[in-house]
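Novice: Under the heading domain 'Siroheme decarboxylase NirL-like HTH', TrEMBL lists 6-51, 189-221. What TrEMBL records for 67-142, 231-315 is domain 'Siroheme decarboxylase AsnC-like ligand binding'.
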Amino acid sequence: MLSELDKRLLYELQYNFPLTPTPFEEVARALGISQERVLERTKELMDNKIIKRIGFTVNYKSMGKVAALVGVKVRGRKDVEALKAILMNNPEVTHNYLRDDPDYQVWFTIKAKNMEVLKEEVKNILEPLGLNDYVVLPSKKVCKVSVRYDPIRGIAWSPYSPQKDEVPKPEDLGLPEEFPKDVSRLKPVERPYAEVAKKYGMSEEEVVEKVKLLLREGVLRNPGASVDGDKIGFKYNSMIVMKVDDDVEVCRRIAEEVPEASHVVARVVDERWPYPVYFVLHATKKELVEDVASRVIEKFDPYDYRKLYSLENLKPGVAR
């Protein structure tokens, strides 16, 4: 059970993470408590795996990778467990859910250096398990990829931030290849950028300026805390898919107009799965998910849609 202080702290670390050399001092000031107390509670939340990481997400596009969502038809629990075990140890798989769809039940995202390699990798994972009925749905346009759990409202939401189609590599910006990864995981200490500054011979202020540059260019995104929603009561997670005409425009509008929507993506369709629009809703109560989903469906009036509720997170605790 989260205390009121923990809720306020999680909110600040997700929604208002300061881009300064001493972010926890700024958070303490916003909460009206000491920095020592902020660091103590943050460490405790990290030890309990409620906070998965503090820092930033490194955009896979900056590493020259592509991504796809894969839906798999499974025959029963044995298939689920076999697939779960394999994907748990695959670093290119960041989401893996069992969902309540009659056609495809296991859904995971996977990345690779190009789509040909990605499809071959998926084939090599699934077909030895006898899983031959699956769809690979490449990203056509990523409109939003931010999920932040509001522990006060009980529903995830985040502001809209335009996503770049072309993302530079760190080297294109005059930075070492490993720099984004080095700043992506910050320790809960008074000066979290000190180690990186020392490594690269920069001041901490210079490191923060480079972080701001990487955020502007889309190499880094989602500053602050990555929270495990399951651990703070966000038990309802639904992936909504819609069949519409102008899929990219609909995705853009959902990203702009529906702050509760995360992972808003237009995808290349498969004839067995003709849904190009995807977004996800997370909440502590099912009615909160249903309310937003109904509002979106009414607004965009798709030819067809499905709501795929998560039955189980098959790769929990991953810091993305």
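Using the three backbone atoms N, Cα and C, a Cβ is placed for every residue, glycine included.
Heads up, TrEMBL stuff is auto-annotated, nobody curated it.
Help me picture where these features are in the structure shown.
Specialist: Mapped onto DSSP classes, the domain 'Siroheme decarboxylase NirL-like HTH' (6-51) shows 32 helix, 1 strand, 13 coil.
Averaged across the domain 'Siroheme decarboxylase NirL-like HTH' (189-221), pLDDT in this predicted model comes to 98.
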Novice: Using DSSP, tally how many residues of the domain 'Siroheme decarboxylase AsnC-like ligand binding' (231-315) sit in helix, strand and coil.
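Specialist: Breakdown, helix to coil: 28 helix, 33 strand, 24 coil.
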Novice: Using DSSP, tally how many residues of the domain 'Siroheme decarboxylase AsnC-like ligand binding' (67-142) sit in helix, strand and coil.
Specialist: 27 helix, 29 strand, 20 coil
Novice: In the domain 'Siroheme decarboxylase NirL-like HTH' (189-221), how many residues does DSSP assign to helix, to strand and to coil?
Specialist: 20 helix, 2 strand, 11 coil
